[in-house]
Amino acid sequence: MLLNDLIQRQQTRWKASFLVVSILMVATCILSLSIGEMWILPWSPDGALEQQLLTQLRMPRLIAALAIGASLAASGAVLQVLLGNPLAEPGVLGISGGASLALVILLFALPFVPTPLLTMLAAMLGALIFTLILVGLSRRRKVSTARLLLIGVALGILSGSVVTWAFYFSDDLNLRQLMYWLMGSVGGVSWQQLSVLLFVVPVLVWLCLQGKKLDLLMLGEIQAKQLGLDVAALRWRFILIVSLLVGASVALGGVIGFVGLVIPHLLRMSLGAENRYLLPLSALCGGLLLALADTLSRVILPSAELPVGVVTTTIGAPIFVWMLLRSHID
């Protein structure tokens, strides 16, 4: 009876968290659509100008922020299980850097502006290559947590330096303006660019429903196989899905760090490690955090707009340092 009560209490906590996060997300969405240089009531815009600002600027960037935040948070939660590393995250491990590197190479290689689908495929390929490197090292070499983080940071620095050199030697103003975008920004996202969400949303929903399989994977590879799980196929499927989500996120909003690290880790600490609840709640919280960060980036400075990646890094970096100290990594 005591065990049943404990399980029931834990499920109640998860359900209450879903409810609270959903309410906060609705409030944040209304605030994000309303606030700016011109205050607009989303349900009753006054005039053609307010209508255009709402539908062509604020709504696309809000949808992009929600999708990117959800994708990065869910990807971070999956990576932490796949790598057996509570500090794994697409930005910290350099996966986002690989996506941005592939995207910049594509922009330099093509004589025309690539379509949103082509940019997503290029970013996905870069993310996939870096993910395979990290997964291969973590499984075959059995590197420690500290060394894996260092390898990821090194890969991120390497890709970042190549991107910086490329922009420095570029005479194209549009390419140089991309440097601001690569710092993380959903400003200027159009409805055409959001067409990639036709691929991203179904994949994200599928990923959020794989929590039970991840719970089995956390028991260990041998135990998971004994319970009928095809571990190798599932691992490859997760790698491809994470690469697609990270690649699409970078293609839409540039490199936005720490969302995939902070959200899953804090949820595990406060609510537990049941992935069937953790994955969808991480996605919701990730979307909420990035929508809130994007709203703050527009109002912190009166005459300028900060990249949303700067806001998330400001929030996430101190938490990351605290997590490193807490895990006693030498």
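The backbone N, Cα and C atoms fix where each Cβ goes, glycine too.
Sequence annotations record features per position, and here Swiss-Prot assigns transmembrane segment to 20-42, 62-84, 91-113, 117-136, 148-170, 190-209, 240-262, 277-299, 306-325 based on sequence analysis.
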- Message: Within this structure, do the transmembrane segment (306-325) and the transmembrane segment (148-170) have 3 or more Cβ pairs under 8 angstroms, counting pairs 6 or more apart in sequence?
- Response: no
- Message: Counting Cβ pairs closer than 8 Å, which of 20-42, 62-84, 240-262, 277-299, 306-325 has the most of them with the transmembrane segment (117-136)?
- Response: 240-262
- Query: Among the recorded stretches 20-42, 91-113, 277-299, which has the greatest number of Cβ pairs closer than 8 Å to the transmembrane segment (240-262)?
  - Reply: 91-113
- Give residue numbers and ranges for long-range contacts of the transmembrane segment (20-42): same chain, 6 or more residues beyond its ends, CB-CB under 8 A. 49-50, 53-54, 58-59, 62, 65-66, 281, 284-285, 287-288, 291-292, 294-295, 298-299
